[in-house]
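Participant: Not my notes, these are from TrEMBL:
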REGION    B:1-54  region 'Disordered'
COMPBIAS  B:1-10  compositional bias 'Basic residues'
COMPBIAS  B:20-30  compositional bias 'Low complexity'
DOMAIN    B:108-152  domain 'RING-type'
Amino acid sequence: MAAPFPVSCARRIQKELTALHAEPVPGVTLKSGPDTLADKSTDINMIIKGAEGTIYNGEEFNLRFRMNERYPFESPEVVFQPPNIPLHPHIYSNGHICLSILGNDWSPALTISAVCLSIVSMLSSCKEKKRPPDDQFYIRTASMNPKATRWMYHDDNV
Amino acid sequence: MSSSKHKKLCTSKDQLAKDSSSTASTSRSSRTSKKAEQPLEPPPATPKVEDSNLPVFNNSPDIFTPTGKRIPKLAVVIQEWRAVASWKWKDASEDDCGICRSPFSACCNDCKYPGEECPIAVGKCSHTFHIHCIQKWLQSQQQQRQTCPMCRQEWNPTKTSGAADINNLD
């Protein structure tokens, strides 16, 4: 994250944030982001609220987006931030999320709000709070960046 | 038509004067609102035509910083303008490019001028992008199947739209 963002990338992020302000995703609020996109770090932090009638009702989670200069042609790095990481079969205790659109199925037509919507729906459709079966092994071996992981997507139900 | 446009300009400027917090921009906008108090006559040079295709200045949506601060718009008053023609791409099925999010009537985020320099590409799936945007995406997925960002079907360009519809207003 040493170099400032290319103009084209910054413009697209700016447009997304403007759109997000005009049409917010239900249950998702913007917590903080860079004040100008000339900043070197572009961490965008969102707060996700567990929806009513789901097992995460009343809980709040911090989600961090980090784009690199290849965005939107490369997916953003999206992780839940401690201390509160949702107990979910596709979310590891280090905050990494196993979600195909953040990896192989990324498309430049996807946006911050589309990703937030997917994550909200992933939480809302979950019936049982538990960690992925390989959680302990994964968090010992994984890199800080979830994009360094070669994900296997094997469950379309949750 | 032209008087309503002037009304629009005044409201957005008044908002600007209200919203702007930094001293520099307040002083600038108070100067411009003084100018706006003078009644504006419709400019005589404006052609009398239906205004649906005319460009409307200063009606762009408000822009916010990620922390929710409103970015002031340019404090420019358009006193007089004369439209000669308007144009749009013939084949564009949507208004905005799904990759860069800019309208097709504007160019992609890397170009300076819309039109021939930044043409659009239409796929067999009928999804449309700026040609520069879709090229960057296809280059970035070399090893994989080349897919349309919208529908994930294989990307097959039909043709590049070189044609634009031009409405002469005179």
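Glycine too: its Cβ is placed from the backbone N, Cα and C atoms.
TrEMBL entries are annotated by machine, without manual review.
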Participant: Just to confirm my parser: what is the rounded mean pLDDT across the domain 'RING-type' (B:108-152)?
Facilitator: 88
Participant: In the domain 'RING-type' (B:108-152), how many residues does DSSP put in helix, strand and coil?
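Facilitator: Helix (H, G, I), strand (E, B), coil: 10 helix, 10 strand, 25 coil.
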